[in-house]
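**Q** Swiss-Prot feature annotations, pasted as is:
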BINDING   THR76, ASP97, ASN125, ALA126  S-adenosyl-L-methionine binding site
Amino acid sequence: MSESPYKAGTTHFGFRDVAAKDKQKLVGQVFTSVARNYDLMNDLMSLGVHRAWKRYYVATAQVKPGDRVLDLAGGTGDIAALLKERVGAEGSVVLGDINAGMLSVGRDRLTNRGLVLGLDYVQCNAEALPFLDNSFDLVTIAFGLRNVTDKDAGLREMYRVLKVGGQARVLEFSEVTADWFKPIYDFHSFKILPKLGKLFANDSDSYQYLAESIRKHPPQDELKAMMGQAGFERCHYKNLTGGIVSIHSGYKL
């Protein structure tokens, strides 16, 4: 495994090399730009399949009524809403996001759906979470880890705030496993997606970054190893839709 570019003082922002200290601001600008069209963005990036991926992700999580759950990079709240159904009236979900605009959209959408009790919203950096050790039964992050500057630090923080016996889950765009599909996927990502972003959201640059960020994200086996290095045990992953996305799971034992 190559040395983390973060440790060298630089990291990637899409295909660009930038100072690690600047990535958080740059990513923040992207998500402030796309916050109101975030679900549209995911529809364009996944051709609408992200909704099924998210339902499966939550349905297969280790969570039960009464549990306390942390959903990082919670965005517009769709994962948090599904998790709240699983933990029930006695359970609680904390929706955490570093971006105030995304957090506001999530709060408004869930409130408009009548989802108020047992939901909290915290603006936080995944690399330095403002929670006590052993606070949550389940920690999730969906389509957010690739935007974290120091992914190793983010994984260590997920481990720290997880209760013993708890599970961490990562849903993320990943490395396509079928060679024949890779050229098609690249064409959609780099030729079609930015144009759709320009057409529907008047923002091609943000969509270009998001496509590039997927290619820079660690492939499945590397992310599994990173989770193990962060302290998680029984780490494994499951590819969905030919590896377009994968679900990584690990436990604090």
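The first residue you see is number 1, and the count goes up from there.
The backbone N, Cα and C atoms fix where each Cβ goes, glycine too.
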**Q** Write out the long-range same-chain contacts of ALA126 (S-adenosyl-L-methionine binding site), meaning residues 6 or more apart in sequence whose Cβ is under 8 Å from its Cβ.
**A** LEU72, ALA73, GLY96, ILE98, ILE141, GLY144, LEU145, VAL148, GLY154, GLU157, MET158
**Q** Helix, strand or coil: which one is ALA126 (S-adenosyl-L-methionine binding site) in, per DSSP?
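**A** For ALA126 (S-adenosyl-L-methionine binding site) - judged by DSSP and reduced to three states - the answer is coil.
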**Q** Translate the DSSP assignment of ASP97 (S-adenosyl-L-methionine binding site) into the three-state scheme.
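**A** For ASP97 (S-adenosyl-L-methionine binding site) - judged by DSSP and reduced to three states - the answer is strand.
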**Q** In whole Å, could you give the widest CA to CA gap in the S-adenosyl-L-methionine site formed by THR76, ASP97, ASN125, ALA126?
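**A** Answer in Å: the longest Cα-Cα distance is 17.
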**Q** Select the most exposed residue of THR76, ASN125, where exposure means the fewest other Cβ atoms within 10 Å, treating these as the binding-site residues.
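**A** Counting other Cβ atoms within 10 Å of each of the binding-site residues THR76, ASN125 gives the minimum at ASN125.
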**Q** Using Cβ atoms only, which residues of the same chain lie under 8 Å from ASP97 (S-adenosyl-L-methionine binding site) while being at least 6 residues apart in sequence?
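**A** Residues satisfying the criterion: LEU72, ALA73, GLY74, GLY75, LEU103, GLY106, GLN123, CYS124.
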